[in-house]
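The annotation region 'Disordered' is assigned in TrEMBL to 1-58, 156-197. Taken from TrEMBL, the feature compositional bias 'Polar residues' covers 44-58, 156-172, 184-197. Taken from TrEMBL, the feature domain 'GDP/GTP exchange factor Sec2 N-terminal' applies to 66-149. The coiled coil annotation in TrEMBL covers 67-151.
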Amino acid sequence: SQVSFEEESQNSPAVGRWKPLMPSKGDKEEPEGGCQDAGGVDEPQSTEQLNVSRLRSSSVEIREKGSEFLRDELHKAQKELKLKDKECERLSKVREQLEQELEELTASLFEEAHKMVREANTKQAAAEKQLREARGKIDMLQAEVTALKTLVITSTPSSPNRELHPQLQSPSKAGFRKGHGRNKSTSSAMVSAASQNVAPEPVSRECKEVDSILFAEFQAWKESPTLDKSCSFLDRIYREDVGPCLDFTKQELSELVRVAVEQNTLTIEPVASQTVPLGKVAAGECGGPKKCALSGLPRTCKHRIMLGDSGNYYYISPSCRARITAVCNFFTYIRYIQQGLVRQDVELMYWEVMRLRREMSLAKLGFYPSEM
């Protein structure tokens, strides 16, 4: 507004007129009274010029003050802008630091969660394994307790069971027991396996000497008893006794019998005196009272076996029964040792194992008691 005012003052015409100093040729001389009038006009003209110069000076002063004020405001705005830039930079650093801390916290939380999941899975697997082992031990103990109960109930010192103790039977009275009965392979004729504190009866007029290799293998197995046949003790017995003793003519059925004996699921029962229905014999049983299912030879079969809970029966001859019973007696005794039921000296247990091995050797050669 001040600048426009100065421009208007500069462009505005001067008040009054200037008279030429020299008159022109065509002009007429004016009277002297005209000069007096011109002198009266010069005085207001100088006053106007003075006012114009004052206005110009005041406008310059106002312009300088305005410029100084604007410079001050500019400096203030620049200072505020610098402060805001610093504040923005500080806030940006704070934000980056928070983002980094958040990422680290998230990564640590995920790592901790994965670690907890892995530990939980490991503990769950270990617990499931222990549960399976405990159930297996419970099943084995229940089977052994059932066998021991049967042995105790059916045989007492005052009234021994002569079928469970064949050495008490006389050859004249040893005959085929009539009727229908069942007994598990674990409760077969084996007195020393059921007795924990009674040593096996020594064989009369017989000299014995411990074999160092066999005794060392038995001692190594006794330190950590197992039914795994990969150990040297059981591997030797499998090769020399169990395998040949359960090697029958019918190879497929022989393998099934061996597995059932190892798993303690084989059942041996005497054949009932009454005739079995023909349809059942044809559908579920192999062999017959006059034919052995394992050897395939015509023999008088007084017993039959069932593998697990299949419901299928197989007639077996006395010789095959003696071989299966000898192997069952051996497995029953080593199971008792594994479960800690036999509390005897190591050497006595060794000789009992040797006695059971001798029974298997005799049975595979065809020797068996007459009462079978």
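Even glycines carry a Cβ here, placed using N, Cα and C.
TrEMBL does not curate its annotations; it predicts them automatically.
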Pull the DSSP breakdown for the domain 'GDP/GTP exchange factor Sec2 N-terminal' (66-149) and write it out as helix, strand, coil residue counts. 84 helix, 0 strand, 0 coil
Summarise the model's confidence over the coiled coil (67-151) as a mean pLDDT value. 89
Residues in the compositional bias 'Polar residues' (44-58) grouped by DSSP into helix, strand and remaining coil: 15 helix, 0 strand, 0 coil
